[in-house]
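These notes concern the structure reproduced below.
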There are 2 protein chains.
Amino acid sequence: MLQQFQHYITTTFSFLKGKKIVLAVSGGIDSMVLMHLLMRSGYTFSVAHCNFQLRDQESDQDEEFVKMTCQEHYIPYFINRFETQKYADLHKKSIQIAARELRYNWFDELMHTNGYDFLLTAHHIDDSAETFLINFTRGTGLEGLMGIPQQNKNILRPLLPFSREEIERYAQENSVSWREDSSNASDKYFRNKIRHHILPILKELNPNFLNSFQQTLIHLQEAQCLVEEASSMVYEDVVEETNDEKRFDLNKLQKLPHKTTYLYQWLKPYGFTAWNDIFDLTEAQSGKQIFSEDYRLLKDRDFLILSKKTEPQNESYEIQEQLKQIDFPINLRLSDQSHIISHSKGTIFVDKLSLKFPLILRKWQEGDYFYPSGMQGKKKVSKYFKDEKFSLIDKEKTWLLCSENEIIWIVNHRADQRFLANEKTQHILKIEVL
Amino acid sequence: MLQQFQHYITTTFSFLKGKKIVLAVSGGIDSMVLMHLLMRSGYTFSVAHCNFQLRDQESDQDEEFVKMTCQEHYIPYFINRFETQKYADLHKKSIQIAARELRYNWFDELMHTNGYDFLLTAHHIDDSAETFLINFTRGTGLEGLMGIPQQNKNILRPLLPFSREEIERYAQENSVSWREDSSNASDKYFRNKIRHHILPILKELNPNFLNSFQQTLIHLQEAQCLVEEASSMVYEDVVEETNDEKRFDLNKLQKLPHKTTYLYQWLKPYGFTAWNDIFDLTEAQSGKQIFSEDYRLLKDRDFLILSKKTEPQNESYEIQEQLKQIDFPINLRLSDQSHIISHSKGTIFVDKLSLKFPLILRKWQEGDYFYPSGMQGKKKVSKYFKDEKFSLIDKEKTWLLCSENEIIWIVNHRADQRFLANEKTQHILKIEVL
């Protein structure tokens, strides 16, 4: 097996020579075989071992075993002990998820701090088949049936094409020692159940199962590429992107034969999960919206508008009298003037003596009203927005400049009559958006 | 369960009312439940039962049971006894495949002869999951992971959304009787192994497995739609179709990011299986070709050319002296003329007395030569083809008209000098392509 493994790794991963490599080693058979293979193939690397402290002295013995092996071969090593159970309890996560997060967070940090180019892990094709079956059992889309990727950014899995059986043969032929993880033998975890009860039957039904599986993965990965290609070809036609929004043209979308599938493809990266609600949204009233953790999808007349969730609407900022300029949350300059030049959407001239400092910058609230410049009487801000055809997002982006609770200016849109300077005003204050 | 089943069938299959329906009934629980459901929902239908004669008297008892049930309810029935084992031996097929072929061939015939609109079968979601897992175990592409379709032309499967468990509950609640198929309990067949050993574990790991599976199928079916959409969008750009050929432009193909995947999608329907050879063909020498059962894919300079396999190249046809016209394998008219009008590619005038009847129509063979009209001396036909830039397919489509083994005419292309009529010819024969 050594030759076969060596041939594969030296041809496929020739780019690794001269790179800074760190290898994740649990002490189990897979990672010990990969460590042996790397040594025998002349690679220089360091080792990182996670002690999750979940199996008492067994865990510590694993740690000791990895440490001794590294010392014996003069391989630099990093060891980290995690309070996995505590972390899981604290974050209300399963032990498996907790261990995974701790592990990859630490690896990230380790690579960044020490300038490693690649992290190597010892996953193999049986792991990939297990992952496929886990996702399948739980329910998934095509993207959940891609197996484990051989390379994912700077994580490489050189043993991925090999089976557990081949790795065992390698270990035997090359007298690699390793430690058995007692939790692997238990059926406690979902993965172990699949490993011990499903995979053996598949291999019995098709003795060539792992090869067939590799071919299946290739076919599915190719199908996924075409799905993404169709998705992006159609995207260009249907979606307009601006700096902070994507606008999905519903008239164009409705003409597509698989509109829900396209929406799913396009919106998946934004963390949405309530797909039926989203599909209903295409037919819903203007103003309806659906949220993911970070994004908002809004039905606005003939469009669905995707945007980042905005800040809470109750934020407000004070502008002290002595300030000449503010840079947050928007850029405003305030300057004393001897005369009025010309009002515009982005510049107003007000009577400074009529203002009560500090001025307030805040968002619109239900019940707000103002006295629009050039008009008689007052108007609800909501009515003004409606007349000006503001979308929900427009409304949320708009700042109101206020004196106490009275609106001075719907910034960048319309001034309030009450505060505007006129030819009699003695202290003219110019306020402009930069 | 009755209400739930009835609600589903009457809403989803309302179009069945008034149609001529035949129901496939084995006597097992699934088909007996469907039969009960159809009766209780007021459908009129006939029953078709296959006796595969594989389980001796058990098979005959099944037949008797179905017959009695139909008679009891005045339902017309068809019964067919098959020599399944003999058929399987004769055609070297597995019993499962043999039974399937016999069954569907008979159903086809039955529907055609008796004017049935729809065949109903009692497949359910467990069957669909089994089919998924069978294909997955053997290795497949996305198209093998679509489950069983609810409708496939005129075959309908009204119980497809329901589980085996729900069907069992229906049978119990409604006192439906059925016969247990003893072969279902054995692990002899691939499907039974998956039914008894894999599905129960998946359902244990995820008690909601069948619902998740239904969602998975929907996602995969949608992905498959996009795959086909990408495939056909790109196809239009890369492929030129003529009556009997499809020409894949390699220059355009090479620019595609997933060219092998597209080729796979496009060529799959033509029965090709040697995918690696096909992918190599894009880089191969002109003239190389790969065959499926009925089709041929030829590398010809900057194209891959797909065409139906041509007839064997050794066919030849005689043209007797008295014939005025032939219609096969091509249309030729032979007529005596008093003078030469004008030679053209499709019409020649020859000296009838120089010909030896019957004339022969045949394809080109290695070593053929002729005396091209308007040229001095002889020329190999292969050289002529090359100079005229004939593709392999052009060569194969071209007929030679011969007198014994001497070429008179490369039909529709070039006459032979030796047989052409001139002003001294007494018996002028005009031969023209119609």
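Using the three backbone atoms N, Cα and C, a Cβ is placed for every residue, glycine included.
Sequence annotations record features per position, and here TrEMBL assigns ATP binding site to B:SER26, B:GLY27, B:GLY28, B:ILE29, B:ASP30, B:SER31. Taken residue by residue with DSSP, B:SER31 (ATP binding site) is part of a helix.
Summarising the annotation, TrEMBL assigns domain 'Lysidine-tRNA(Ile) synthetase C-terminal' to B:359-431.
As annotated by TrEMBL, transmembrane segment applies to B:21-39.
For the domain 'Lysidine-tRNA(Ile) synthetase C-terminal' (B:359-431), the model's pLDDT averages out at 91. In terms of DSSP secondary structure, the domain 'Lysidine-tRNA(Ile) synthetase C-terminal' (B:359-431) contains 16 helix, 28 strand, 29 coil.
The Cβ of B:ILE29 (ATP binding site) has 22 other Cβ atoms within 10 Å, all protein chains considered. In this view, B:GLY27 (ATP binding site) is surrounded by 23 other Cβ atoms within 10 Å of its Cβ, with every protein chain counted.
All protein chains included, B:GLY28 (ATP binding site) registers 15 other Cβ atoms within 10 Å of its own Cβ. In sequence order, B:VAL25, B:MET32, B:VAL33, B:ALA122, B:TRP178, B:ARG179, B:ASP181 are the residues of the same chain, not among B:SER26, B:GLY27, B:GLY28, B:ILE29, B:ASP30, B:SER31, whose CB sits within 8 A of the CB centroid for the ATP site. When other Cβ atoms within 10 Å of the Cβ of B:ASP30 (ATP binding site) are tallied across all protein chains shown, the result is 22.
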